[in-house]
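The structure appears right after this line, and notes come after that.
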Amino acid sequence: MASRMSMYSMASEALGGGPQAAQVSTTTLLNAIHNIYLSSQPYQLDASTSLVVNTWLTAAQAGATVDATLAARAWEHARRRAEDGCVILGSLHQSTPSLLVPFLNTFPFAIPASIYKSLEALQPFLRCVTPYNASAPRQIALGVTLTLSLGGNVTGASLALSQGGIDTENGLLNIPAEAGYRAFDVFYYLLTSASTPAEREFLGLKSPSAYALLARSGTYEPPSYLITADDGAAADDFRQALKEIGIKGSAHRNFISTLAGLLKLGNTLDYDADSDDFEEICEDVSGLLGMEPEVLMQQLSTEDRRTLVGGLYEALVDWVISKANSAIAAQMLRIRDGDESIDGRGVRTPTSNEDGDTVSITVVEVPEPSIGRALAMRTIFDDTIGINAEMIEDGVEVHPVGSSVVREMQQAVSDVAPDLGIMTGPQGRDRQHDLEKREVILEKVAYGSEDDSFVKKLLFPVEGEGVSLGRAGRFDLPALLSASRTWFHLSLHPTDDSPANLATLPAITSAWSAGTVSRQLRSWRLPEWANRRNRNLDYTADFDVDEFVGRYGALGCKDGKDGIETWMLERGWSNGEVFIGKERIWVREGPWWEAETMLDIKPAHSLQSMGQNPFTSGFDTSYSANPPNGSGFFPPPAMDNSLNGSNDQLMHTRNFSQGNMSQVTLNQHQNLNPQSAPSIAPSAMRNVQTTGDYGLGTKGDTYKGQVYYNEDGEFTGILDGELAKNKKIESKPLPFGRRAWIAFVWALTFWIPSPLLKFIGRMRRPDVRMAWREKFVLFFLIILINGMVVFWIIGFGKLLCPNANKAWNVKEVATHAEDEKSFWVAIHGKVYDITDFWQQQHSDTSIKVTKQNMLPLSGMVMDNYFMPPLNRACRGLGIKETTQLTFNDTITNPLAQHTSGFYTRDRTSALHDPDWYWKKFQPKIKEYYHGNLVWKKSKVKNEGENEQHMWATYGNEVYDLTDYLHTLDVNDNFDSYKFLNEDMVDLWKNSPGTNIKKDLDLLIANAKNETVSANLKNSWQCIQNIAYKGILDFRDSARCQVNNYLLLAFAIIICIVTAVKFLAALQFGSKRRPSPQDKFVICQVPVYTEGEDSLRKALDSLTALQYDNKRKLICVICDGVVVGQGNDRPTPKIVLDILGVDPKVDPPALPFKSVGSSSEQLNYGKVYSGLYEFEGNVVPYIVVVKVGKESEQSKAKPGNRGKRDSQILLMSFLNRVHHRAPMSPLELEMFHQVNNIIGVDPELYEYLLMVDADTCVEEDSLNRLVAACAHNAKIAGICGETALENDEKTWWTMIQVYEYFISHHLAKAFESLFGSVTCLPGCFTMYRLRSVDKGKPLIISDAVIKDYSVCDVDTLHKKNLLSLGEDRYLTTLMTKYFPEMSYKFIPDAQCKTAAPESWSVLLSQRRRWINSTIHNLVELMQLKELCGFCCFSMRFVVFIDLCGTIILPSTCVYIGYLIYILATGSGPIPYISLAMIGAVYGLQALIFILKRQWQHIGWMIIYILAFPIYSFILPLYSFWNQDNFSWGNTRIVIGEKGNKQVVAVDDEGFDPRSIPLQRWDDYALANNLPGRRGGYQEKTDYSYGDNYELDEIKSVYSAGPQGSVLTGMPGRNTYMPPQSPAFNNGRASTMGFQDSPMQHRQSMMSMGTGVHDMRSQSPYQDYPGQHPSVSNLRGQANLSPATGGGHSRSGTALGFSSGARSPMPDAMRSQSSFDFQHGHAGPNDMAIVESIRSVLCEVDLDTVTKKQVRALVEQRLQTELVGERRTFMDRQIDHELENM
């Protein structure tokens, strides 16, 4: 808890108030400076300026002199006034040491260690050695921004250079050619011995004298008068600092390569450089920088290279600063999470108050005296700008500045104008020209660099934005001063002597030169400064009148200026100390601190008893502490123990948190405010969770090692064995489908006895045993189907066509030609694989077996190479041993011809044996038999008939007599060669190519005598021995082809579906950016056991959505008070802490109906609401925490009913809102919070965005989803792409990346073509609440809610539908009841979610997904209306998906089989299967190649490697674990027989009367609340378009005055009608909160938006004198918290909001009513038309563009038109132009 006493109040004294009596002269000031120099003390020139004197000697030995009081004063103003501060560390002499680090050390809070490390790493880039300063900074300005919580602690920090950059001219490119000067220290550190030998060799480093940039002065060593002067030691420290800010590894290599490249490139800057050396240097430098040498040599001149060196060096420094800021942010995150202390050592306890409203203090070091002088003199003496101008305008009497001072000030500013961002004069134009030239050169170099080079990343830090050097990551120094409370800390130097001389002096304060010091005082006009400030302008705080009274009313200050003046006199303050201006109160430091001290010592209870708290009025939304209710819309309750009151009310809340004491709570203490409303629900549970933070119990508040779960994360409870004993027995009818299924299950599992399951399987309950039987049957059927599929694909074809894998035709044998590893040959109709034989030396002659001899034979038909002797092959035909056939084909390899018998060449060879062929060859070759050589029947017939190929078939065998007949032709039919029976030969001659079996058999059977018969038989035997060629190809038969054609048909179908999915995924063109939408959206986030990091990311992403903040509502529903694994407290407490709700808030627990069995339908919940701020976006939120009944509080998960119940809670609420039906007490409280507190009627919300708590939504996603729905009124549900946030975390996440991508871009894109996405994921889906045309409820319809809220989930099918796949089932129900609507997927809307990182979690997730998918697809198959017809319908696609999910294991088995076939070569290559697989993955690869998602190439490879996991392990595990549920004990199904289901009920049941229902109108009337709505029948004129009839709703968007937290919200695209009323029309809120000090000027820093003056910044208010500007039109919502300030002075280019104040008193301002019909949608059509006509009359139509016209029209209307308004404006512009 923050201390109420201030650090400042105890550590310092405030200055005396009032003008000082004596004038300050140069002499008196000089004397004072000498005194403080001797005593090492600071001197206060005025309340915001301190002077100190320092030398390097005093800084090194005694420590630098700095003013800690000034630091404390700046800190107090920042946190108390909620205003940004800026401390300028100015130097009046070139020899003063840097005070940046010493000054940071004086702040009264701890500075993170990473800031000092970052500065240590950065300083060598900015510091140089000069003769007058051993460490002279060369930057224009360096700022350290400290972001503080309003408790005063650091919550963030960053470093930045000013836009003026670095003086590289004097620090690098052109250092003075005098002894004592060096370039930036970093180059000497690079060249020291600290660099490793490997680095020196790689970089080619030499001594400093070898580099032209360093050699100009001849000075290479640091000054010797410094006792710590050692570049080597400094380099070691520097390298360590770099490592600690994250510059290590490849980043460090790139960094030193760039530095070395710059050094070497400096040697090319001389115009007379040697050409050979020049080319060598350019080659070397280009290698270091990653670019082509031609860029340096040919495309850049010498002057261009000079510019490149300076620009690239600045870009490198910017990169180092960005790395430093990342390291600081990482440490701040660890500090916030409690993982580290602020000094970087150890851990600490995280505090819950550091994530809220913030302010910033920026400490800016301006080392150059001329620049500091110009800044200071302009701030003090220029009365036309800044705070001086505001004071004068408000009536502060200021004496004019002397003309000489003005001229001197103007000359000082003119001398350094470009460094101050003033580009109007000659110097400015020259600077602008140089910057533009630098940008062109750097852009040329960047484009000439390699795509992944470090230089390109330096020059293009943000992809697609080009060179941003000097802008990105820099701050605008004048703009910073104009938007902050400025403090000056000026450092003088006592002498002009060189630093070396100081070391010889007797004392460290001996050096003194009055002339030197006097020159510094007079140069900066410090005497005039002191006199002017102390006489007129020394006011350090200013207030609005109401703001002043609100803050100090507790001290007796009365209303109005008269009351302030009276109180001022009572305090004894003169008009000079507190000045009452026209509109503001100006206070000097002394009186301000006196008043603040009185507030500090004032008891908190006395402040409360006065009816107000100064910490809740005027400043309560900025830095002060809110009362326990935290809202400011309810009266502060008395400090009563029953309300967990505390006397210390300074717990800082965050983000406008509506800690929201609800109406119920207030009603319990109506004596606090008689106008507060009574309870919503008379049945509010009084005794539930009344202790602990947020009223949610003590769990998580004190950690005592409570154990709620076992190791498996399951609740440790005991089941009652006597299931039906003492229980109520119910029975209900069973539908026919269920009865049939039960009968089928028992028919298949009757053989499994129930006692076995009960005692061995430990399934004591009948419903659990029945679920197991159902699971067993389903698993059996799935395995059976998978087995049938595998058998059909692999085995059925072989069964129909045996030996199909043993048949090869000539072409297939020829594929093994020249193949060493698969040596196939065909010999006499047989195919042999002689791979293991051919390399053996199998010849017994001189012929050697070599590759040259053997490989040409591979793949050949070798019949003629192995011809047996005819006299042996054709016995009985009288053939001589000298007779042989003459082959029709030429023998190409004679060495391979195996001629045996008579014609053997080598008589010693085994071939000389006439029986070699049968005795040797055939037995050996049979060992390598592989199959039959086959011939297509058509080929045999065609060649026989058309080509006279003398072959024919005998049955299935092919015989060829070509060689025999050719031998006869060659030998003129010589008798000795005519050995075959001529009648038999005539069969071949007369019928070639035909089947001669019948004729041949008949010829042999009808032989005339035995001699002829013997001759015929011998001839036939001879033909079989010498003419056999193989068999006919049986694989072409119908029996063998039917299975292939069936498989091919299904393959074609699958390919067509895949191809259509592919075409559906092809969406070319750029990513269109839709115009901003203006529909109201609820962002629902169901929360269960998520951790703080994921919850914060999810909420931050929703808050940062690029969507009108007022039109989105974050609705967080916490499913029970549950402590998640890894958390130290319940999830609801984590959520409320993130949102910034005060832990003291304890709203009542209100009853509502939950989705549960029996008595679990009664549940209680608590409601919290407020505003959450992130990165300048302030969004309303509502949190519903389900806390459970009183009887549940002792259980581990009180209130937990599941995600489906969380969805139903909100859907049911919106359903009742739509129908204006009676609501439960919880729903009434939700309505009250949304309608009256947040200020938006719930019926205005048109869309429901469902986001999981571990999902981060991209910024433009919501606008894209809404735009898609706005353009297509038929869309009822829409989802975007879900990508992985942790894709590279573990192996298990890696295998999911590709699957996520393809599942969206193939499956969902295909289904979206039909408008029938079957699964809208619950992690990122948006539903339309009601139809556009008739306002018909959709997602909130009665039918959907009824089916989705089934309470009795007691069967396996229901469990898988409603407990595992609720999101998919919700989509199924929407498709069922609204088939005419569309359900779309748009890839442009994206989100990121965290995938399971471990095997166990992945297994659990996929079990749920796969089983729910199957059961949901079964439901989808039963729907009657699915688009399409027959096989072209979505029903067919759903069937394909269902089959695909079921047969996943068989798919894996088949792919394994294919791999086996290919690896072993044991069968023909399945080309079709391989082509299909290639097509599927090829098309998928083509998708991400066309979408330029190159990274998915790698992810696809990983996915394919993990395919067995996805297709085999996960499905089988899922199928077997379909019954793996937690079964409730309340309702137990003890039997399903006949047509009845018997249920045992073990509790008191649910009585609907326990939840009282009440219509909102009745409740509002009874409690005097605004917002009467009327009944549903009164909605006849209701329109969901732009014409709302909602005056009676009294929302902030309706005509009536209704207060809400949105009144002060900054919004985008908000129409601000001129002269609209102040908040609440100047009247008190109807909620009974009478004090409204925030009506006019209110500090809004907690929004982080720069909204400071509600008269100019309220979304609905504007006043005369407020002129629109581009920055106004752009809005303030995207400014970071650091850019806003409580008192921003004037608009700047950075977009700081204007602080101009209207001179009109409040009474003169118009008090008109805000018209909702036009206010929420901007101006009407007529106003737009008039504005267009006016603009077109004023502009030059020949040069103006339509975009410019649109901008001018919007500027004239003071709003940005969106949606339909923008479309109307575009049409009207075209129309007006046509008519001109």
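The backbone N, Cα and C atoms fix where each Cβ goes, and this holds for glycine too.
Copied from Swiss-Prot, the annotated features are:
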type	residues	note
CARBOHYD	ASN133	N-linked glycosylation site
CARBOHYD	ASN153	N-linked glycosylation site
CARBOHYD	ASN629	N-linked glycosylation site
CARBOHYD	ASN644	N-linked glycosylation site
CARBOHYD	ASN655	N-linked glycosylation site
CARBOHYD	ASN660	N-linked glycosylation site
TRANSMEM	740-760	transmembrane segment
TRANSMEM	776-796	transmembrane segment
DOMAIN	805-866	domain 'Cytochrome b5 heme-binding'
CARBOHYD	ASN888	N-linked glycosylation site
CARBOHYD	ASN1009	N-linked glycosylation site
TRANSMEM	1046-1066	transmembrane segment
CARBOHYD	ASN1411	N-linked glycosylation site
TRANSMEM	1442-1462	transmembrane segment
TRANSMEM	1469-1489	transmembrane segment
TRANSMEM	1497-1517	transmembrane segment
CARBOHYD	ASN1524	N-linked glycosylation site
REGION	1649-1691	region 'Disordered'
COMPBIAS	1668-1681	compositional bias 'Polar residues'
DOMAIN	1722-1778	domain 'DEK-C'
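Feature map: Swiss-Prot annotations on the structure.
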residue: ASN133; record: N-linked glycosylation site; DSSP (3 states): strand
residue: ASN153; record: N-linked glycosylation site; DSSP (3 states): coil
residue: ASN888; record: N-linked glycosylation site; DSSP (3 states): coil
residue: ASN1009; record: N-linked glycosylation site; DSSP (3 states): coil
residue: ASN1411; record: N-linked glycosylation site; DSSP (3 states): helix
residue: ASN1524; record: N-linked glycosylation site; DSSP (3 states): coil
Note to self: I need the nearest neighbour of ASN1009 (N-linked glycosylation site) among the glycosylation sites ASN153, ASN888, ASN1411, ASN1524, using C-alpha distances.
What the structure shows: ASN888
Margin query: Using Cβ atoms and a strict cutoff of less than 8 Å, what residues sit near the transmembrane segment (1497-1517) while being 6 or more residues removed from its termini?
Written below: 1287, 1294-1295, 1297-1299, 1301, 1402-1403, 1406-1407, 1410, 1445, 1448-1449, 1451-1453, 1455-1456, 1481, 1484-1485, 1488-1489
Notebook entry, point to check: Here are the glycosylation sites: ASN153, ASN888, ASN1009, ASN1411, ASN1524. Which has the lowest count of other Cβ atoms within 10 Å?
Noted result: ASN1009
Item checked: Same-chain residues at least 6 beyond the ends of the transmembrane segment (1442-1462) whose Cβ lies under 8 Å from its Cβ atoms -> 782, 785-787, 789-790, 793-794, 1410, 1413-1414, 1417-1418, 1421, 1469-1470, 1473-1474, 1477, 1507-1508, 1510-1512, 1515-1516
Checklist line | Cα distance (Å, whole number) from ASN1524 (N-linked glycosylation site) to ASN133 (N-linked glycosylation site) | finding: 76
Next item on the list: Let me know how many other Cβ atoms fall within 10 Å of the Cβ of ASN133 (N-linked glycosylation site).
Entry: 24
Notebook entry, point to check: Expressed to the nearest Å, what is the distance separating ASN1411 (N-linked glycosylation site) and ASN888 (N-linked glycosylation site) at their Cα atoms?
Noted result: 69
Checklist line | For the domain 'Cytochrome b5 heme-binding' (805-866), residues assigned helix / strand / coil by DSSP | finding: 17 helix, 11 strand, 34 coil
Next item on the list: Could you state the whole-number distance in Å separating the C-alpha atoms of ASN153 (N-linked glycosylation site) and ASN888 (N-linked glycosylation site)?
Entry: 103
Notebook entry, point to check: By DSSP, what is the split of the domain 'DEK-C' (1722-1778) into helix, strand and coil residues?
Noted result: 42 helix, 0 strand, 15 coil
Notebook entry, point to check: How big is the gap, in Å, between the Cα of ASN1524 (N-linked glycosylation site) and that of ASN888 (N-linked glycosylation site), rounded to a whole number?
Noted result: 76
